[in-house]
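Heads up, the thing below is written out as structure tokens.
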Amino acid sequence: MVQPNSAKQSVNLKLAYHYLMTHFFTLCLIPFIAFTLLQFSVIKYQDFQILYLHLRHNLVSVLVSCAVLVFGLTAYFMTRPRSVYLVDYACYRPPDNLRVESSKFMNHSRLIGDFDDSSLEFQRKILERSGLGEETYLPEAMHQVPPQPSMAAAREEAEQVMFGALDNLFGATGVTAKDIGVLVVNCSLFNPTPSLSAMIVNRYKLRGNIKSFNLGGMGCSAGLIAIDLAKDMLQLHRNTYALVVSTENITQNWYFGNKKSMLIPNCLFRVGAAAVLLSNRSSDKRRSKYKILHVVRTHKGSDDTAFRCVYQEQDDRGKIGVTLSKDLMAIAGKALKTNITTLGPLVLPVSEQLLFLVTLVGRKLGNRNIKAYIPDFKLAFQHFCIHAGGRAVIEELEKNLRLEPVHVEASRMTLHRFGNTSSSSIWYELAYIEAKGRMRKGHRVWQIGFGSGFKCNSAVWEALRNVKPDPNNPWLDCIHRYPLHYSTH
């Protein structure tokens with residue numbers, strides 16, 4: 001048994017190690033600075049006169065050096081990546097009449113008549129273990145008996161959630177539609193003609209030369225792909241705004257069959273959308289909430305098993321749905337491992353990178369007794385927004401990343417209150433953190449998304465100020481009830 005004093009000493013040693021590694025270069029500079037100051041203290045006035053005469057007689061060299069310096073600085077400032085700021089964002093909160101309790105969900109499923117007893121019992125068990133609460137939302141068409149999943153109803157759902165989020169965003173920021181230079185919309189399963197991006201252009205009368213993109217079929221991680229695309233576009237186009245809208249459409253994608261692997265999405269996915277306003281204007285820094293630091297994307301589509309683990313298809317009765325493979329969690333784990341291998345060197349302190357490198361080299365040299373070191377990402381981030389794809393996803397990342405319950409609280413509570421809102425879930429989670437008053441200037445946020453293909457994407461943001469919740473924050477009416485404390489088993 002480890003003695004308390006020994007454990008305390010171990011913690012103190014680890015803290016001392018991290019402090020030493022973090023400030024290593026600063027500590028090394030102290031003797032150099034002291035030596036430089038000592039040398040300056042013995043310089044006499046005559047020495048400056050000699051230096052002046054030397055430069056005076058080498059005027060051409062001085063001018064050439066100055067010209068090279070000016071050219072180099074100009075080239076640097078012209079070609080360096082532009083900072084991209086998150087001015088604000090808005091999450092759609094559906095009206096109360098669209099709420100669906102578990103009992104209503106099950107009663108509705110029975111009345112539809114498409115599910116046999118085995119499928120109904122399976123859905124009941126999934127709901128019990130899902131982590132969803134009693135206040136999530138389904139679209140209007142799915143509240144009717146029988147459901148009315150028409151194209152018109154799907155368009156109505158898309159307009160309701162997208163325009164609802166955008167109205168709040170435009171109202172909060174004061175940005176006019178004509179200021180938007182880039183528009184990126186992502187929705188995986190609903191891609192009508194004209195596109196969803198065209199619907200937004202038409203509704204808000206966006207300008208004719210706008211750079212618009214519509215991303216489809218890219219799963220729940222597409223929100224971060226959209227952010228990455230918008231960020232890249234803001235590197236090309238100066239002094240403008242980029243608008244990102246992330247959503248998923250349920251109306252036309254409800255599964256009415258009895259294949260159990262295709263019934264799970266029915267139990268997890270719910271109505272939601274988020275609209276994000278990005279800017280590359282330096283004048284917007286003061287009023288912006290966050291600055292984007294990194295986006296890291298991982299695609300495992302070259303592997304057949306990963307490619308098919310989230311797969312839209314027809315069952316043997318011709319009913320269309322999305323199949324979730326039993327290998328999904330294992331594939332997600334491998335994708336996450338690849339993703340953080342790239343992300344780690346960008347965000348982790350030197351102390352963690354050295355520990356990881358030493359254990360990796362030791363294992364590569366054949367010493368398999370050395371346990372693989374899992375970096376402590378809590379040293380790099382204060383907040384984690386893990387895609388609320390399901391209870392198992394959140395628990396698996398909490399375990400593998402060695403996080404504390406508070407670090408996954410936003411994800412768990414978002415799943416409970418709003419369900420799996422697909423690519424927009426990470427923004428409901430960020431809104432939860434803000435509503436709790438936890439976001440402080442300099443804090444870093446790690447958003448993690450998983451999606452079909454199979455993909456794992458990460459985005460890292462830095463808070464530019466102490467962020468207070470907006471009046472339209474979707475949590476304000478219920479934040480006093482959260483966090484809920486319930487068993488994770």
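Glycine is treated like the rest: Cβ placed from N, Cα and C.
Taken from TrEMBL, the feature transmembrane segment covers 16-38, 59-78. Annotation source TrEMBL lists domain 'FAE' at 76-365. Taken from TrEMBL, the feature active site applies to Cys220, His299, His383, His387, His416, Asn420. If you look up TrEMBL, you'll see 382-462 marked as domain 'Beta-ketoacyl-[acyl-carrier-protein] synthase III C-terminal'.
This view paints the features noted in TrEMBL onto the structure.
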residue	record	contacts (Cβ under 8 Å, 6+ apart)
Cys220	active site	Ser188, Glu248, His387, Gly389, Asn420, Ser422, Ser423, Ser425, Gly449, Phe450, Gly451, Ser452
His299	active site	Gly453, Phe454, Lys455
His383	active site	His407, Ala410, Leu430, Ile433, Arg438, Met439, His443, Arg444, Val445, Trp446
His416	active site	Gly131, Leu132, Gly133, Leu484
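Computed over the domain 'FAE' (76-365), the whole-number mean pLDDT of the model equals 93.
With DSSP classes pooled into helix, strand and coil, the tally for the domain 'Beta-ketoacyl-[acyl-carrier-protein] synthase III C-terminal' (382-462) is 37 helix, 21 strand, 23 coil. Within 10 Å of the Cβ of Asn420 (active site) there are 25 other Cβ atoms, across all protein chains. Around His387 (active site), a 10 Å sphere centred on its CB holds 32 further CB atoms from the protein chains shown.
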